[in-house]
Amino acid sequence: MLNIFNYFKNLRVSFHEVFSLFGFFTFMTIIVQLVSGTMLAFSSVPEPMLIPTVRDEEDIEDLYTDDFFWLHERGVDLIFIFSYFHLLRKLYLNVFDLETEASWKSGVFSFLVFQVVVFFGLVLCCTHLSEITLTIAANIFHTFFMFKGKAYWFLFTDKQLNTDTLIRLAYAHYVSAFYLSFLGLLHGIDIHYDWKNEPFYDGLSSEMLWWDEALSNELTNFFVLLVFITLAFFLLFEEPEALSYEIFMWGDIGLSTDVRFYGVAPHWYFRPFMAWLIACPFHKTGIFGLLFFFVTLYYQPNLHGVSDQNSYGKKTLTISSTVLAKKNTATPFSISIDSNLYHQITYFFFIMCCLYTPSFLPYGRFFNQIGGNWGFLFSYFYVFCYLAFTD
């Protein structure tokens, strides 16, 4: 056992940094979520008559064990934070090569399944968000069937928090969560074994060795960083409740009604999607617009070209004068992203637009005009244009 510990402790891979581990942090958090969620399942009481009582007491220990619920709740926050950082980092690096097409698509599909898992979980938590989340999920399901019949009844029954609904969503939440962990594992394998899309499998032994070393190094960095974070928060906060919603609630609507703050957990999970629904005049337009967003994100490698040869014909503007090509001729060498002025400017505006769109509060119909404003609409227009056309 000591030899195994020393092996992991001393193993280093020079090209793996902490900033490259957002995806790995996400997967590790999912594993913790499976453990805490399983413990919650052991103590779950699907009795709707208890919901008003626990809401009045502002505690849910009558439905679940409180510590595991707190751990599970904070884990969702971490998964969203890590997954958004991971996605934005990959968009910055333009990881759209032939070898990474499978890993990109499996990652986007995992991100979509994660939204479904959280939807089910928000209903099961039995807070003030449960009813509205249940209604939104049922309406989304109803929209795909063009409002014909009641196909949503199989999962959401009559859109009420009754015993039948809680049991069905509990099963759906557990099955989809374990399926998400399986997709995350496949995504990690796809991203490290980049020979997946190649017609031949040469160099398999060396790539497996690289995978083992990289994974060991990621585990080491993860646990070291986790220890420092634990010590920091142990010294800063005496009670674990201090890390609850307060860390996401900087600002008070009662003091400033027009404030645009980003951290109202758990509203901020779906704030970009909620803001999009505000901008759309019809509900079905907004739902299919969200579907179009995930389709665009899913086919990023196809939109930008998955062949290595495509990178030689791009018209780019960089800081370095030696890279500027005359008469748009192809450059025979690769261009660094850090020196690509065109990429830096377009990505900067992309981040600014991404920050502006979720600044609309989830109950934005009361604080912002329906349909948004010009800046809001332009931000969404730029986001879609960046994902579709910008290399």
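Cβ atoms here come from the backbone N, Cα and C positions, even for glycine.
The transmembrane segment annotation in Swiss-Prot covers 22-42 (among others) and rests on similarity to another entry.
As annotated by Swiss-Prot, transmembrane segment applies to 67-88 (among others).
His173 (heme b b562 binding site): 21 other CB atoms within 10 A of its CB, across all protein chains. Under the heading heme b b562 binding site, Swiss-Prot lists His72, His173, citing similarity to another entry as support.
Residues annotated as heme b b566 binding site in Swiss-Prot, with similarity to another entry given as evidence: His86, His187. Non-local contacts of His187 (heme b b566 binding site) by the CB criterion (under 8 A, 6+ apart in sequence, same chain) comprise Gly23, Ser103, Ser106, Gly107, Ser110.
Per Swiss-Prot, the feature transmembrane segment maps to 103-123 (among others).
Taken from Swiss-Prot, the feature transmembrane segment applies to 169-189 (among others), supported by similarity to another entry.
Feature annotation from Swiss-Prot assigns ubiquinone binding site to His192; the stated evidence is similarity to another entry.
Here Swiss-Prot flags 213-233 (among others) as transmembrane segment.
Swiss-Prot lists 275-295 (among others) with the feature transmembrane segment, giving sequence analysis as the kind of evidence.
Per Swiss-Prot, transmembrane segment is recorded for 341-361 (among others).
When Cβ-Cβ distances below 8 Å are used as the criterion, the transmembrane segment (370-390) is approached by residues 275-276, 278-279, 281, 293, 296-297, 300, 303, 346-347, 349-350, 352-354, 356-357, 360 of the same chain, each at least six residues removed from its ends. The transmembrane segment annotation in Swiss-Prot covers 370-390 (among others).
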Legend entry - Cα-to-Cα gap, His86 (heme b b566 binding site) vs His173 (heme b b562 binding site), nearest whole Å: 24
Legend entry - Considering the transmembrane segment (169-189), which listed stretch of 22-42, 67-88, 103-123 counts the most C-beta pairs under 8 Å: 103-123
Inset, instruction - For His86 (heme b b566 binding site), list the number of other Cβ atoms lying within 10 Å of its Cβ atom. - result: 20
Legend entry - Around the Cβ of His72 (heme b b562 binding site), the count of other Cβ atoms that are within 10 Å: 22
